[in-house]
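One structure, pasted below without further comment.
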């Protein structure tokens, strides 16, 4: 099992980095072959140890990469988001496999089937996500007696308040889940901007990286909130630069870069 986890971790990190790079430069399909081979390797490793949930997800991802190579699938930002969630799920399965008492099939069969269905829908639509709302969707009607708020009104007395989310020293799976909930709570409360403080963060895993990539995509789909960096450590400055994620966040006025 240790070899299986090492294989999944190595290929998952490569997949996350390649998917983020593809999202920045969708015309550059040179990474697709490497992504296909990474998914194929994960599938083989999962099959050897009998982790069927991961076999299904990695196989569906491999099919998507092959279809993209052949021009039958266009990987839009929404499609890349589905694939990144596939990488995230595989990381969770690998992490859970450290506990021999965990029933991997019982815990992950449902989520894996749901994700495989999304990937198959992505393939069938040639890259379109059928039920996922995009930025151009029609806004819901305002409650009776109230008119939709205008940008000018939001800048007035009822302007939304900001929120700050402080990341810990290690942005791992558990921390990423806490931050995700804090972000969604702040978003639901209408906070704007939402500020992410990375001054204490020195390291992260694939789930942490997936969260940093997912927050700007979610905000872009909704058209709000603004996402700002309240501070960044030297280590995270490097990560944001290498992955290109730094450009997805605004720099808060007066925010500092902290040394490591």
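Indices start at 1 and increase along the chain as displayed.
For all residues, glycine too, the Cβ spot is worked out from N, Cα and C.
Sharing the features that TrEMBL gives for it:
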COMPBIAS  143-153  compositional bias 'Low complexity'
DOMAIN    1-97  domain 'HPt'
DOMAIN    171-245  domain 'STAS'
MOD_RES   40  phosphohistidine
REGION    126-160  region 'Disordered'
Name, in the order they occur in the sequence, the residues of the same chain whose CB lies under 8 A from the CB of the residue listed as 'phosphohistidine' and which sit 6 or more residues away.
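Looking at Cβ-Cβ distances below 8 Å from the residue listed as 'phosphohistidine', excluding near sequence neighbours, one finds 58, 62.
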Provide the three-state DSSP residue tally for the domain 'HPt' (1-97): helix first, then strand, then coil.
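Counts, helix then strand then coil: 79 helix, 0 strand, 18 coil.
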I'd like to know the mean pLDDT over the domain 'STAS' (171-245).
87
If you run through the domain 'STAS' (171-245) with DSSP, how many residues end up as helix, strand and coil?
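Taking the domain 'STAS' (171-245) as a whole: 44 helix, 15 strand, 16 coil.
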